[in-house]
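According to Swiss-Prot, the Mn(2+) 1 binding site annotation covers ASP72, GLY73. Under the heading Mn(2+) 2 binding site, Swiss-Prot lists ASP72, ASP234, ASP273, citing similarity to another entry as support. Summarising the annotation, Swiss-Prot assigns domain 'PPM-type phosphatase' to 35-282.
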Amino acid sequence: MSRFCCFGAGCSEFSGHASTSSGKGKGIQGQVKVSYGFYLVRGMTNHPMEDYHVAELAEEKGNELGLFAIFDGHLGDTVPAYLQKNLFANILNEEEFLTQPDRAIIKAYEKTDQAILSHTPDLGQGGSTAVTAILLNGRKLWVANVGDSRAVLLKGGRPIQMSTDHDPNVERSAIENRGGFVSNMPGDVPRVCGQLAVSRAFGDRNLKSLLKSEPDIKVEDIDYTAELLVLASDGLWKVMNNQEVVDVAKRFKDPQAAAKQLTAEALKRDSKDDISCVVVRFRM
């Protein structure tokens, strides 16, 4: 049976057996016209789709918000599904959200992770990355992330990486200080205790003593030089660099078409993982 899932002005049809899903929407925040589109493709794997997204224009206490996210799950889809439903709500419910957004985001990430861990019997032993972008009144963009899902802003004609790839090798010292290790097997990526390919994530109860869910956060002004934002799971970033991604995306006025083309290009480059992509365009 199909179900309809609408985000802001966009609407997409999802089917339990479908290998793709897509949608788009648009609105105005202050002087900025915002349009967005998303496209998701299930990878060449035996498990169900583990990538989830959010793409929505909303209003909170008289403020106009753009809420965009990618959640890339592992060992099941229960944790990314939980994040899709709860993470932004938890951020917006923080009293400090409008006065100290950075602090509110960090607190909400931690509270959400604790809630996931407390629901382990229901949510299982899996986990998820997260990259979240909040556009406030068309003027400020906050991006936070844990894991290797990435956000890149095209501004002033150049790509600005708004997220941090949490690589086990980079955080090796912290992992070892907590009693863990990082494996580097030939032909494989670095992994925490030979298992997880990221050093920060939601969930992952069995590795939680070695992992953090504290996000890195970056803030940028959105002005006339800001053209577009791309959020995607590592199914895209494993085979395309930041410059290549924005070069493809900027060719399309329709952000949904841009997202679809990016996933097609990743598949052409032999990406086997789930691929999820959200493209947001800004126009003054």
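Here the Cβ of each residue, glycine as well, is placed from N, Cα and C on the backbone.
The structure displayed is predicted, hence computed values, not measured ones.
Sequence features, as recorded in Swiss-Prot, placed on the structure.
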| residue | record | Cβ contacts under 8 Å, 6 or more apart |
| --- | --- | --- |
| ASP72 | Mn(2+) 1 binding site | GLU50, ASP51, PRO80, SER128, THR129, GLY147, ASP148, SER149, SER233, ASP234, GLY235, ASP274, SER276 |
| GLY73 | Mn(2+) 1 binding site | GLU50, ASP51, TYR52, VAL79, PRO80, ALA81, GLY126, GLY127, SER128 |
| ASP273 | Mn(2+) 2 binding site | GLY43, THR45, SER233, ASP234, GLY235, LYS238 |
Reduced DSSP assignment, ASP273 (Mn(2+) 2 binding site): coil
Confidence summary for the domain 'PPM-type phosphatase' (35-282), mean pLDDT rounded: 96
Reduced DSSP assignment, ASP234 (Mn(2+) 2 binding site): helix
Residues within 8 Å of the ASP72, ASP234, ASP273 Cβ centre (excluding the Mn(2+) 2 site residues themselves): ASP51, THR129, ASP148, SER149, SER233, GLY235, LEU236, TRP237, LYS238, ASP274, ILE275
